Amino acid sequence: MHLHYDLPYPKHDMTDEPVSFFTYPPDSDTKFIPKDPCVHKPLSIKQVMERKLHWITLGGQYDWTNRVYPGERPPEFPRDVAGLLETLFPETLAQAAIVNFYTPGDTMMMHRDVSEETDKGLVSLSMGCDALFMIAPNDVGKMSEEDRPGHGEKEHLLLRIRSGDAIYMTQEARYAWHGVPKVLKGTCPDYLEDWPAEDGKYEEWQGWMKNKRINLNVRQMRDC
């Protein structure tokens, strides 16, 4: 969103508490102001947090225009998240990630992750609502036109992914076609439904997570 809007980042107070957009109440007058009002309209905090925010990036910032990872030193990947992931999946260094925010009705089209300069595995962690995850053959060059993703029936595997599940795509699966055709409403675990309203904070956002799926998709950009 930073390409099209001036983001109203919350200010730090005198404590060491991390700041969050959840600091603003849903009915806040604070707006995301468009850089070009002729193209985009102002957005409220509620509009952004409930529907308009679809993804953020961590670590290496992918250049979506040129389909490459920039050569300069990337922002540091969050150490606590990297430590957890590299303990579970030691063969992949957590260098870049896309955090997707899904609401029931959202989908992710079939695609392949081929921009990384390494064949290290992809890590996908899910939180919140269940989703259907589809994975299909990666050798599209040997498939008939009718069998290619998006063209009728084809060989594929369909998995139901629940909160806390992890998928590690490596070896033959590393470059496979994959996507999310459906997010299942009302399937968020009870213990997550009230997040981020915990410990007396962000109470006005209670229930935000109830119809959300958050997917952390992590990859190593290049061999070290």
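Cβ from N, Cα, C; glycine included.
Here the structure is a predicted model, which means the values were calculated and not measured.
Taken straight from Swiss-Prot:
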{"type": "BINDING", "residues": "His111, Asp113, His178", "note": "Fe cation binding site"}
{"type": "BINDING", "residues": "Arg213", "note": "2-oxoglutarate binding site"}
{"type": "DOMAIN", "residues": "93-222", "note": "domain 'Fe2OG dioxygenase'"}
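Per-residue pLDDT, averaged across the domain 'Fe2OG dioxygenase' (93-222), gives 88. Arg213 (2-oxoglutarate binding site) and His111 (Fe cation binding site) have their C-alpha atoms 19 Å apart, to the nearest angstrom.
The sparsest Cβ neighbourhood within 10 Å, among the listed binding-site residues (His111, His178, Arg213), is found at His111. The residues of the domain 'Fe2OG dioxygenase' (93-222), classed with DSSP into helix (H, G, I), strand (E, B) and coil, number 19 helix, 51 strand, 60 coil. Neighbour list (Asp113 (Fe cation binding site), Cβ cut-off 8 Å, at least 6 residues apart, same chain): Leu122, Tyr175, Arg219. Excluding the listed site residues His111, Asp113, His178, the same chain places Met110, Arg112, Ala176, Trp177, Gly179 with Cβ atoms within 8 Å of the centre of the Fe cation site Cβ atoms.
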